[in-house]
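Report on the structure given below.
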Amino acid sequence: PRGPLRPLCRPINATLAAZBZACPVCITFTTSICAGYCPSMVRVLPAALPPVPZPVCTYRZLRFASIRLPGCPPGVBPMVSFPVALSCHCGPCRLSSSBCGPGRAZPLACBRSPRPGL
């Protein structure tokens, strides 16, 4: 049997960016995020029932890690926390921990020139 054309929901490594308006440097770092295909059902006939939310690839288990932005002035917290995916599943989107919009062709990027971090 043929598998799906797109990889199923799983943790993958991704390079993200962290910056703060008050700090002069943007850092790029690598973490694991949830990404991939989630099977969904589409109603063939219009129904009187409300639409069923489509499942998204989201965190099942995660931990948080932190990095320090260099060069922040006194009084500005230089620490930035980010999620690290330990496992993923297809489920409802939780806006508290996930970006539920359409996938991006480009990763999140810095507004200023990035400096490699972790």
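Any Cβ shown, glycine's included, is placed from N, Cα and C.
Lifted from Swiss-Prot, the feature list:
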DISULFID  CYS9-CYS57  disulfide bond
DISULFID  CYS23-CYS72  disulfide bond
DISULFID  CYS26-CYS110  disulfide bond
DISULFID  CYS34-CYS88  disulfide bond
DISULFID  CYS38-CYS90  disulfide bond
DISULFID  CYS93-CYS100  disulfide bond
CARBOHYD  ASN13  N-linked glycosylation site
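Sequence features, as recorded in Swiss-Prot, placed on the structure.
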| residue | record | DSSP (3 states) |
| --- | --- | --- |
| CYS9 | disulfide bond | coil |
| CYS23 | disulfide bond | coil |
| CYS38 | disulfide bond | coil |
| CYS57 | disulfide bond | strand |
| CYS72 | disulfide bond | coil |
| CYS88 | disulfide bond | strand |
| CYS110 | disulfide bond | coil |
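When the recorded positions ASN13, CYS23, CYS26, CYS38, CYS57, CYS72 are screened for a Cα within 10 A of the Cα of CYS93 (disulfide bond), the ones that qualify are CYS57.
Looking at CYS57 (disulfide bond) and CYS110 (disulfide bond), their Cα atoms lie 25 Å from each other.
Of all Cβ atoms in the protein chains displayed, 16 besides its own lie within 10 Å of the Cβ of CYS93 (disulfide bond). Close to CYS88 (disulfide bond) in the fold, though at least 6 residues off in sequence, lie CYS9, ARG10, PRO11, CYS34, ALA35, GLY36, CYS57, THR58, TYR59, ARG60, each with a CB less than 8 Å from its CB. For the disulfide-bonded residues given as CYS9, CYS38, the lowest number of other CB atoms within 10 Å of the residue's CB is seen at CYS38. Among the disulfide-bonded residues CYS23, CYS26, CYS72, CYS110, the residue whose Cα lies closest in space to that of CYS90 (disulfide bond) is CYS110.
Of all Cβ atoms in the shown protein chains, 15 besides its own fall within 10 Å of the Cβ of CYS110 (disulfide bond). Cα-Cα distance from CYS23 (disulfide bond) to CYS38 (disulfide bond): 38 Å (rounded to the nearest whole number). Put simply, CYS110 (disulfide bond) is 16 Å from CYS72 (disulfide bond) when counted between their Cα atoms. Each residue contributes its Cα atom, and for CYS26 (disulfide bond) and ASN13 (N-linked glycosylation site) those atoms are 19 Å apart.
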